[in-house]
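Colleague: What follows is a structure written as structure tokens; I'll ask about it next.
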Amino acid sequence: MKNETSIKYFYLLAFSGETRSKPFITAFFFLIYVVGVLINSSIITVICLEVQLHKPMYLFICNLSIVDIFYTSVTVPKLLHMLLSGNHIVSSAQCYTQLFFFSSNMTAEGIVLFIMAYDRYVAICNSLHYHQILSRRNCTLITIGTWAVSFLNSLLFVLSSLYMSSCHSNLIHQFFCDAKSLTKISCTSTQMFFLVAGTEILVIIFVPLLCTCISYVNIFSVIFKMKSEESRRKAFSTCSSHLTVISIYYGTCLAEYLIPAYSDVLDLAFNVVYATITPMINPIIYSLQNANVKTAMLRFLKGKLFF
């Protein structure tokens, strides 16, 4: 018989030993969370209120901001509670619930970034049929489909992780419950989990990433053929911002889950970047670099101040 025990609680010990640095760490994550939520909330508000921004491109920007708010809200508030209270205990139900919503947002962000690349592809390479392809009905279906796929994918992911028995230890050296940390403390076979995870990474990450690369190959081939320098500059400006966001997201995400775990500190660093910092800088890199969003934001702020 296997010597397995049922784990009812986990201990998240990412920053438990940093007693002197706790005030700085707490302030750091609090600042990241507040700034990220405020910027993303402002972008959502402006896009919803500004009629001129009721276009497919800005709908997807709005979706990206919603995902980014959820992204940090799943992990940072609980981390701040642990840092302030000193209570690093998380129940098994809370751990897997956090894993479910975190993986849902991770999947949704990857799909939204791919849809944004497709939006640029249609706008530049097939501009005459842009409003027909990305009609309001189609955009609504895309949005609903994105979240449906994300939740179903996350459910499958969490169910596969439940088959792993955490009997060696209940210590997670991370600031939230993530799948990689759970595999480290599992004493049973993780073959099924890695089979499901590998399939999901292939379908949800590599396929959209490949399609995104193909889209940009076609986009750049059209941009280089443009005769107007202003048109090329405007197209490059939009694409470069989106490519920067994609590079940061996929770079840190793939590094975290594909590079073997050499140290808990390295895993922690990757998680901090793509789970907290990236959702904060996404709107700064992408949305606030967009001239229309920036103009609408300034108009909105001036109206509030004047009022």
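Here the Cβ of each residue, glycine as well, is placed from N, Cα and C on the backbone.
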Colleague: Among 56-76, 245-265, where does TrEMBL put the label transmembrane segment?
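Modeller: Result: 56-76 is the stretch TrEMBL calls transmembrane segment.
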Colleague: Across the domain 'G-protein coupled receptors family 1 profile' (39-286), what does the mean pLDDT come to, as a whole number?
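Modeller: When the pLDDT values over the domain 'G-protein coupled receptors family 1 profile' (39-286) are averaged, the result is 83.
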